[in-house]
RNA sequence: GGCUGGGUGGCAGAGUGGUCAUGCAGCGGAUUGCAAAUCCGUCUACGCCGGUUCGAUUCCGACCCUAGCCUCCA
């Protein structure tokens, strides 16, 4: 039985989909005005893992992740660059897709863009106005009236009085209440704008998710995910909009992933302590980043530094070592290891425990090899690959992990030639020459390993 | 101030009312020409103070420290 920690109730709950064997899931995606950073990588990878596991668990999953391609930051950045905002967003959507592909993130079922869904947003805003949940402000902006929605604050555990007592809410004369949020923003001269019953303007941020999720998944669906910082106000406002508009519960299970931190502080643009995915890919392999993310629980904070990434490299090397040079085989069906693997993922996606099971399998494989039980080794390796694949790990060939691209440094053929020379020396028990060649290669980052009369090599 | 979370061995990071996380590192052994890899064994833990209990790192309460949200933010 799958259990999910539901942020709406702050506890783990049995997961029961609205429709048997089908899951409808929505995740808040990126605002595309810059390169994605590691925090975005975490959302991508975490929910990609969720998506993969739910499918592997036999569900038919419809996964929607939106792209916010119009908002204040986009307009500002486009103006700074003196380019149309559409050129800016097209460029960063492309970059985002490249980053996702590098990280082994599967494409969602749908990837709607805000600018393609303005009519659905207008319809929703109209309904909210008709039903008395929204009003047109003195500045022609349309606002949501939070006082009209009884459940406001239920996701984030806040009460309106507490929020009003806060000192950080900007005073805005156009609003009835400082907590009211904008649904439609009237355009200033020169800004991108769409026509609406309230004049030219653009949608507020929150309305896009409400409108697009409803369009693609229906007015009520199973899982809604996003970064922890979106819980308030973004997700709270989505609930207010959708439930007021549709008159029933919006989302059954809310999932929020924890942050990536730098020196125990949140990674963010304002603190200027962020690393883009492509920065990190200069130093670490994509699979190492993926391992780093999945080796902690998705709700925990995750501190970024070279140590856990180096650790990921060592850990993946151990796993790929177990897989190396084994023939293809059928994975055993419904093994004890697989059952435990599924059980820990059923427990709110406990990926660190799942990874621990992968290491048990690696040890089993190594034992079988030692016993010369090649069939059992190959079958266990197939199981290891199968289970790791649910996490999006160990999907490449072991040899390519060890030998890399070979673009830099010694060519594969040159390495092989030196290994042949060394083998000759070894048959003559010329250990000095043998060790000299091994040291020479080591100096160029090539590690030789002699086993059972064979010499294998890898780049380190 | 209000609301959420955390504090685990040298590091990272799970978990549990009473034998084992896991990976890296360390130590001992096997194997190896020597290594590497691998296998076997092994040492370092549960912020602090009380309470419940036969027994708490795990439950409860106080305290200390810490992160996040309350403003755009994954």
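Glycine too: its Cβ is placed from the backbone N, Cα and C atoms.
Note that the structure is predicted; figures quoted are calculated from it, not measured.
According to TrEMBL, the Zn(2+) binding site annotation covers A:28, A:209, A:234, A:238. Residue environment of residue A:234 (Zn(2+) binding site) contains 18 other Cβ atoms, counted within 10 Å of its Cβ in all protein chains.
For A:30-40, the entry in TrEMBL reads motif ''HIGH' region'. Model confidence over the motif ''HIGH' region' (A:30-40) stands at 96, taken as the mean pLDDT rounded to a whole number.
DSSP places the residues of the motif ''KMSKS' region' (A:266-270) in helix, strand and coil in these numbers: 0 helix, 1 strand, 4 coil. Per TrEMBL, the feature motif ''KMSKS' region' maps to A:266-270.
Around residue A:269 (ATP binding site), the same-chain residues six or more apart in sequence whose CB sits under 8 Å from its CB are A:34, A:37, listed in sequence order. Annotated ATP binding site per TrEMBL: A:269, in sequence order.
According to TrEMBL, the domain 'Cysteinyl-tRNA synthetase class Ia DALR' annotation covers A:340-402.
The DSSP breakdown of the motif ''HIGH' region' (A:30-40), given as helix, strand and coil counts, is 3 helix, 2 strand, 6 coil. If you look at the motif ''KMSKS' region' (A:266-270), the same-chain residues 6 or more away from its ends with a CB under 8 A from one of its CBs are 34, 37-39, 259-260, 304. A C-beta separation below 8 Å, combined with a sequence spacing of at least six in one chain, links residue A:238 (Zn(2+) binding site) to A:206, A:209, A:210, A:213, A:224, A:250. Annotated Zn(2+) site A:28, A:209, A:234, A:238; additional same-chain residues within 8 Å of its Cβ mean position, judged by their own Cβ, are A:205, A:206, A:208, A:210, A:224, A:226, A:230, A:235, A:237.
Cβ neighbour density within 10 Å is lowest for A:28 among the binding-site residues A:28, A:209. For the recorded site, residue A:209 (Zn(2+) binding site), the DSSP three-state label reads helix.
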